[in-house]
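What TrEMBL lists as pyridoxal 5'-phosphate binding site is 105, 106, 138, 223, 224, 225, 226, 281. What TrEMBL lists as N(2)-acetyl-L-ornithine binding site is 141, 280. Annotation source TrEMBL lists N6-(pyridoxal phosphate)lysine at 252.
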Ligand SMILES: *Cc1c(COP(=O)(O)O)cnc(C)c1O
C-alpha cells in the first residue's frame, strides 16, 4: 500500500479519533521538532508533557541503547535491575513504601482504582466501594479511568460506565463534605488539573480533604501523570501543599519518552495486592525503566525543577504584560512549566496561527492555550514563544 504522509492518507488509514496537526515529523533536537519539508518548529507541547528533557538527550538515548543491547523484554516473571533501580529512586523521592509499574497513565489509574477497592474490601467494610473524582478532571480513556472523568465530551455514547463513582465540583468544599462518607474508598485528585485547563486545587479544599480522610478513612490518590516529575517546580505537584497522598500515579515523562507508568503507595496499602491480584505483561519494561532512571537523574543533576520554576515565572510575567496590552486574553495560570492562557475565542485559532509561525502550542478545554514545554527550555526559546503570541494577538482581527 502506498503511503504518502498527508491528511488524506491519514483519513484512509486510521480511525478518526485524533486531530493530528498537518505535520510529518522526522526528528527532534532539544526544544525543536523538524518536519519532512525541512522546517523547524519550536515545540512548546513536548509530546503532551512527555519530553521533559526535550529531544535527543544523550543520557536517555545512551541508557536506552545500553539496556536494549542487554535485554529489551523479559516480563515480570523475572527480577530486572532497571525496575529495581527506578523503584528505589521513586520511593526515595516520595518517601512511600511500594511501587507497581505499568505502561500508560490510564493503566496506572486502573491499578489505583483496583487497589483502592481491594484495600476497602480488606478493611472489612462491605459497602466501602465509592470512588470520588473532581469536576473537570482527566484521568484517562480506559473504562475505569473514563468513568472517573466526568466530562460529557469524553463519555458520550460509552455508557454504561463503571458503577460506584461520584463527582465533586472542583474546589467546592461543601460539595466535598456532602459527598464523601464511610462508603468512600478513594478520592482521586489532580493537584493541578492539566486537560481541564491548568487549574490549581485550593488549600482550603486540601485541608478539608485531610480532615475528611481522618474521619472516613479513604485513600487519597494523587494523579501526577501530567504535573509530576518536576514540571511544576517540585517533583510531585502535591509537594506544593501540606498533604501526603496514599497513592501516587505517574506516567507521561516517566519513561523518558518510552511508555511507562507507576503507582506508588504508602504503608497503608503496602499489603493490598497478593500474587496474581494484578499485573501487566509489559509493565516496567527494562528499557523504559533505564530511560526513566536517566531522566530522573538528569532532572536533579541539571537542577531542572529550579529552571522550570524560573522559566515559568518569566513566561507568566511576559504573558501578564500581554494581558495588559490585548483584550483577547482573559487569564494566565502558571505552575512551573504548566501554563494556561484563557482567551476569548476558541484556543484552536492560536494553535493554527502559531503553527504558521513555526511554534507549536496546544489548546485544551476549548478556550485555553496550553503550554507544556520541556523543562530544559532556555530563556531565548521561551522568549521566541512569547514574541510569537505577541505577534498573533497584535495582528488578530
Ligand atoms: C494524560 C493523562 C492521563 C492519561 O494518561 P495516558 O498515558 O494517556 O493513558 C491521566 N491523567 C492525567 C492527569 C493526564 O494528564
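Using the three backbone atoms N, Cα and C, a Cβ is placed for every residue, glycine included.
This view paints the features noted in TrEMBL onto the structure.
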residue : record                               : contacts (Cβ under 8 Å, 6+ apart)
106     : pyridoxal 5'-phosphate binding site  : 139, 140, 141, 142, 145
138     : pyridoxal 5'-phosphate binding site  : 149, 151, 154, 190, 193, 194, 195, 196
223     : pyridoxal 5'-phosphate binding site  : 109, 137, 139, 188, 189, 190, 249
224     : pyridoxal 5'-phosphate binding site  : 191, 236, 237, 238, 248, 249, 250
225     : pyridoxal 5'-phosphate binding site  : 105, 108, 109, 139, 140, 194, 249, 250, 251, 252, 261
226     : pyridoxal 5'-phosphate binding site  : 48, 49, 190, 192, 194, 195, 252, 338, 372
280     : N(2)-acetyl-L-ornithine binding site : 76, 102, 103, 107
281     : pyridoxal 5'-phosphate binding site  : 75, 76
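Among the binding-site residues 225, 280, 281, the ones whose Cβ sits under 6 Å from an atom of ligand 1 are, in sequence order, 225. Of the listed recorded positions, namely 141, 252, the sparsest CB environment within 10 A is found at 141.
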